[in-house]
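One structure below.
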Amino acid sequence: MLSGHLIFVAAGAFAAFGSGYWFMRGQKKPKHCVFCSPLERIVYEDEEYIAFHDIKPDAALHLLVIPRNHYGTIKELTAADLPMVKRMYEIGQQALADNGFSGYTARFGFHRPPFNSIHHLHMHCLGLPFKPSRAERMFPKDGSIWFMPTERLIARLAEPV
């Protein structure tokens with residue numbers, strides 16, 4: 001069982017660090033970030049954010065909300081980024097609500113490094129049920145070492161230092 005977790009960790013670490021470049025938060029987009037490129041499947045966009053369908057959906061509706069400016073992962077966020085995370089959450093909630101998902105049929109959160117597959121900050125917005133049902137393990141309601149619910153991230157960023 002442990003070896004499976006190590007493979008998962010290694011795969012996440014490769015996705016985050018294996019592309020041969022490193023960058024600082026808010027920097028111009030790195031040339032290999034798939035989220036920084038113009039996107040198909042867009043359901044919402046403004047000058048600062050984009051929401052779009054996940055290319056490999058894990059739920060009846062699976063959207064991603066990203067900032068247009070490049071941020072790596074939640075590990076890099078500070079209290080100064082709280083308004084950005086709150087706005088991402090509002091966009092995700094509205095996008096799911098527009099499609100009939102809210103309350104217990106909606107889940108929001110971020111994968112924690114090194115378990116994130118893309119090194120561009122993105123919030124998962126899931127309209128339940130999960131498809132396939134085993135996908136629920138990737139997005140646990142109460143969080144895990146690999147997934148942080150958006151509400152928990154907001155609370156963490158709001159804590160006094």
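Start at 1 and count along the chain as shown; that gives each residue its number.
For all residues, glycine too, the Cβ spot is worked out from N, Cα and C.
Any TrEMBL annotation is an automated prediction that lacks curation.
Around the Cβ of His122 (active site, tele-AMP-histidine intermediate), 25 further Cβ atoms fall within 10 Å across all displayed protein chains. Positions annotated as active site, tele-AMP-histidine intermediate by TrEMBL: His122.
What TrEMBL lists as domain 'HIT' is 31-139.
Taken from TrEMBL, the feature motif 'Histidine triad motif' applies to 120-124. Through the fold, the motif 'Histidine triad motif' (120-124) approaches residues 33-36, 54, 62-67, 70-74, 76-77, 85, 88-89, 92, 107-111, 139, 150 of its own chain, all at least 6 residues removed from its boundaries and within a Cβ separation under 8 Å.
Under the heading transmembrane segment, TrEMBL lists 6-24.
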Mean predicted confidence [pLDDT] for the motif 'Histidine triad motif' (120-124): 97
Assigned element (helix, strand, coil) containing His122 (active site, tele-AMP-histidine intermediate), judged by DSSP: coil
Secondary structure content, the domain 'HIT' (31-139) (per DSSP, counts of residues): 31 helix, 32 strand, 46 coil
